[in-house]
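A.B. asks: Mind looking over this structure? Questions follow.
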């Protein structure tokens, strides 16, 4: 019993992986009596769970006892005898850690059994596919997460320490190719930012595929790979892991439909709620335990009711707000509709009045037209005879005019053709003039840039000369200081030599005095004390002079370093002077080039027509080459040429010619394209194609 007590005490000192949710609202006794009748149905399914929990606790106690006995037999537990001859057990920290690990594994395995059993029973009683809001399913994932986290090693990265169960789950993709779909779908979810969130999403998808037990069994079959992530006494490395995998096979009966989009898997807190498994106690536990469990059950039931009621109230409030908004909008629309109806009625009355007026006017006009038609018929009959005679004359004239018109149309067509040719010639001349003006403007801009560069180089040369003068003055001042320091060093060395000579003379005097005045010990002792004091003073002076000498030597070294720096700066200034001369030479060359370009401007007018034709050919070539679309960054995950995957070290680069995405090695070339004035990045294939095109055009 002492051994069991020491083991449980050491286990209590360790950190526990579970938290019990604390609720504060407790119902009254009257409410408890009213709701005891509704708990009879719950007792049917909660009784086997409670019996299983009791068996698990008994197995735990037995396993602790066996473990402690075996540890004491092997020699892990030492029993020293005190002066009072009472046996006291002392537990080493190593055995305490092992006991704590065994206790954690047993607790996790029992919790896993409970969570799987409640999940299967509740799912079968529910009789439909489960979603992510189902409480037993949520608690199952929390317990499974604790099991996978048990005994994880802390990995140090350049960001910091990392401890996540998603690392061993990633191995499944390599060991089992069927799990590649899960890995790719988890990586493609943009809302998952942490490894914990990715691991939870992986577990959700594996449960939906009904292959969670198969994937974990593959991991347990390769324990040499799991040793990189778990400690030797972790749950996944021991026999309890195989037991849990066997229990997970029973979950293939359940159908789950879990939506990952919109859920915040990164920030969820994995806390085990024991209230799901402790809903009723047995009669043998006593009246006090029965009352406490009843209170807890009633409390959780009331809290669930309150939570559901608060959710429904919030939903109803939102619906009321929406209805009020729609009601106000409908009222506004009603008022606008009534206004429109009134205006339409007024318009209808006005239209009726206008219709009556139009009808009266039309009747009057019909009568007038009838009278006019009668008069016109009489006049028409009289004029018909004269018109027949006129018609024959006009027919002859018409034939003559048609002949003349045909001749005029032919002349007009000739003139129109001449006009179109003239317009085409005018447009070509205007294009030539515009292109010549553009080239003139570009050359003038180049001239201005060259002039600005010359001015900048002149200012730089002036600044360099000023800094040279300042540095030469500083060098001269430093040389004067070094000369002064050398003279002071020589004086100090002379002082040292004098002090050493005085010391030698004093020592000689002391020796003579000892030989002469051996009998006079008292007087000699007094003189010796005086001489010792003098020697100490002289030694102090020597030490101070040595320290001064060391400080002077340090100052000398510093001055030498400063002089070397100044010399290097002088050399740099000489290099700057050489660069200035080179720049001046380049300036003269540029001026010559500008003069040559001004002369070449006149000659450019003759070659403009030829260059225009060449430009059209090049544009056609570029159109043929630029037929590709510009790929987006999200659409490409591998290099198009070498088929390597992109990462933080291997970045994406667009080819400015074809628009595809390549890595840096496959797109390291640069060429000047017609659409870009400066040389831009081009892939290897486009580079060879463009070079071949240029060589063929030049030949």
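Placement of Cβ uses the backbone N, Cα and C atoms for every residue, glycine included.
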A.B. asks: Between the candidate ranges 306-364, 365-423, where does TrEMBL place the coiled coil annotation?
C.D. replies: 306-364
A.B. asks: So what pLDDT does the domain 'RUN' (131-263) average out to?
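C.D. replies: Average per-residue pLDDT within the domain 'RUN' (131-263): 83.
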A.B. asks: Which residue counts does DSSP yield for the domain 'RUN' (131-263) in the helix, strand and coil classes, in that order?
C.D. replies: 83 helix, 7 strand, 43 coil
A.B. asks: Which numbers of helix, strand and coil residues does DSSP report for the domain 'FYVE-type' (633-691)?
C.D. replies: 14 helix, 14 strand, 31 coil
